[in-house]
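J.: Following this message is one structure expressed as structure tokens.
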Amino acid sequence: MPTAIRKIQKVLHEPETGQYDDRMDKIMSRPRCGTHNSYNETEAKSPSPLGKRYVLWGPKWDHTAITYRFVNFTKDVDESTQRTTIRLLLPITISPAPSSAPTADIHIRFISLGDNETVFAATSMIADGTSLWSGLVNITFNDDYRWSDDRLFRYTAIHEIGHALGLSHSKVEDAIMFPYYDGMIHPLHPDDEAAVHVLYGWKVPRWSKIDSNSNIKTITQVSSNSTTPAAQDGLYQMRSSGQVMFHNPSGSWVSVDNNKDTVQIAGSSGNLFQRHYDGSVYQYTGTGSNWVTIAYASDNNLDIVSAAGSIYLRRKDGWVARWSGSGTTWNTIEQPAMSRQIAVTDQKTLWNLLNTGDVVRSEWPYNGNGWVIVDQNPSNVAIAVGGEEFYKLQTDGKIVWLDMDALLWRTIEDANSGNIYASGQYLFSAHKDGSIWRYTGTPGIWEQLDNVKNSASVIGDRRGQVWEMLSTGDVLKLVS
């Protein structure tokens with residue numbers, strides 16, 4: 001038993017005492033999946049940090065067009081929602097079995113598991129060691145649980161489908177395949193996607209071209225920290241002429257401005273902003289090409305960064321200003337001189353990379369507490385934040401993450417990175433050879449997304465969508 005407890009403590013990044021503690025009790029008392037991993041003593045004793053990632057059962061399907069059939073339905077969610085939920089936007093196709101088919105690959109049912117049972121659902125399967133057997137993979141939902149929240153039903157269904165595809169429980173807490181539910185509806189995590197790609201590969205082609213114009217200067221995404229996208233969330237491009245284009249849900253590019261003075265665009269949480277050459281800043285109204293002035297012209301304004309639905313100005317004097325949300329009123333935040341880059345978290349923590357390589361931080365509401373030196377390293381060249389996580393890039397190509405629990409800097413990639421980008425739980429690394437990589441949540445484990453020599457930039461949103469711009473002006477969207 002102590003060995004098994006140490007295995008769990010290792011996953012939870014707790015001291016491996018072999019004794020059941022409060023942290024374990026908090027995690028293990030949550031609602032959970034009823035599918036059980038087999039115990040592996042060697043894995044439990046292994047000190048390797050690479051154990052914290054996805055786990056595969058071993059067997060998988062020998063075909064990629066998977067069928068399912070409902071044995072019965074819950075009364076808590078309408079049947080159409082239940083039917084359409086059972087699919088996964090990955091290299092495999094999951095669809096209803098034809099009515100003429102004697103059986104389906106996967107059968108789904110709702111049965112009583114007891115009113116006090118904390119198990120949401122479970123998956124059972126029979127395999128020959130290499131392949132899953134059609135008709136002998138069963139997903140069972142606890143019908144004593146009220147499935148009135150269709151988001152939780154979708155979340156649980158995708159977790160169980162992961163098992164039905166050959167995935168065991170992940171050791172990454174933010175992954176959908178983590179066995180315990182923390183009350184949050186997480187999108188597919190890079191760890192989940194990497195596991196499916198290991199088993200079934202990628203869709204072909206992996207990328208879809210959505211535009212090609214040599215005048216495209218930058219691409220920018222706007223996404224909200226909520227389950228419902230805002231009207232202005234999406235992908236934008238800025239051309240060398242100053243024109244700003246929006247990629248609407250129908251797949252067309254629509255002009256939202258065409259001003260030769262536009263030099264930068266930025267946005268977050270359904271808000272889009274632009275900066276002109278003269279330092280003036282504008283907010284998009286969401287209608288036509290209508291923008292409102294929120295900052296007057298000033299050659300002191302160098303850069304805009306949008307986060308948590310607001311906009312920040314980086315100035316020549318080193319100070320940072322945050323828009324009040326009304327008119328042209330800005331609140332200034334004292335910062336050291338010689339600022340190189342700023343980044344802001346969801347909770348409005350302001351990070352500042354100085355020309356010296358020092359990294360400083362100011363906590364919201366920036367009310368006279370000043371700034372705190374977090375790191376002094378002349379090799380720091382770039383910073384990024386995703387949610388509340390902070391990352392820095394060094395001249396040696398290493399990406400380093402600040403572990404806020406242990407208060408330690410941890411190298412998560414040492415592979416000659418040239419640039420980093422983060423959004424929500426997603427972190428991307430653009431290597432100096434042009435290849436693009438996505439972090440899986442496990443230090444040292446990254447998934448390669450592309451390997452072209454002329455990649456110019458990569459961005460992504462909070463829902464896992466990824467776009468790449470090539471030096472030729474091609475804009476690509478990851479479809480796999």
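Note that the numbers count up from 1, one per residue, in the order the chain is shown.
Cβ atoms here come from the backbone N, Cα and C positions, even for glycine.
Unlike curated records, TrEMBL annotations are generated automatically.
The active site annotation in TrEMBL covers Glu160. The Zn(2+) 2 binding site annotation in TrEMBL covers Cys33, His159, His163, His169, Met177. According to TrEMBL, the Ca(2+) 1 binding site annotation covers Asp76, Asp143. Positions annotated as Ca(2+) 2 binding site by TrEMBL: Asp105. Taken from TrEMBL, the feature Zn(2+) 1 binding site covers Asp115. What TrEMBL records for 57-202 is domain 'Peptidase metallopeptidase'.
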J.: Pop the Cα-Cα gap between Asp76 (Ca(2+) 1 binding site) and His163 (Zn(2+) 2 binding site) into the table, whole Å please.
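T.: His163 (Zn(2+) 2 binding site) to Asp76 (Ca(2+) 1 binding site), Cα-Cα distance: 23 Å.
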J.: Compute the centroid of the Cβ atoms of Cys33, His159, His163, His169, Met177, then list the same-chain residues not in that set whose Cβ lies within 8 Å of it, in sequence order, for the Zn(2+) 2 site.
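T.: Going along the sequence, the neighbours appear as Thr35, Thr123, Glu160, Gly162, Leu167, Ser168, Ser170, Ile176, Phe178, Pro179.
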J.: Given the recorded positions Asp76, Asp105, Asp143, Glu160, state which is nearest to Cys33 (Zn(2+) 2 binding site) when distance is taken between Cα atoms.
T.: Glu160
J.: Nearest to the residue listed as 'Ca(2+) 2 binding site' by Cα distance: which of the binding-site residues Asp76, Asp143, His159, His169, Met177 is it?
T.: His159
J.: Measuring Cα to Cα, how many Å separate His159 (Zn(2+) 2 binding site) from Asp76 (Ca(2+) 1 binding site)?
T.: 19
J.: So what pLDDT does the domain 'Peptidase metallopeptidase' (57-202) average out to?
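T.: Summarising the domain 'Peptidase metallopeptidase' (57-202) by its mean pLDDT gives 88.
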J.: Through the lens of DSSP with three states only, how would you label Glu160 (active site)?
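T.: The residue in question, Glu160 (active site), is helix (DSSP, three-state).
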J.: Mind telling me which of the recorded positions Asp76, Asp105, Asp143, Glu160 has the densest Cβ neighbourhood, counting other Cβ atoms within 10 Å?
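T.: Ranked by Cβ atoms within 10 Å, first place goes to Glu160.
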J.: Would you identify which of the binding-site residues Cys33, Met177 has the most other C-beta atoms lying within 10 angstroms of its C-beta?
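T.: Output for this query is Met177.
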J.: Using DSSP with the three-state reduction, classify His169 (Zn(2+) 2 binding site) as helix, strand or coil.
T.: coil
J.: Go through the recorded positions Asp76, Asp143, Glu160 and tell me which ones have a CA within 10 A of the CA of Met177 (Zn(2+) 2 binding site).
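T.: Cα within 10 Å of Met177 (Zn(2+) 2 binding site): Glu160.
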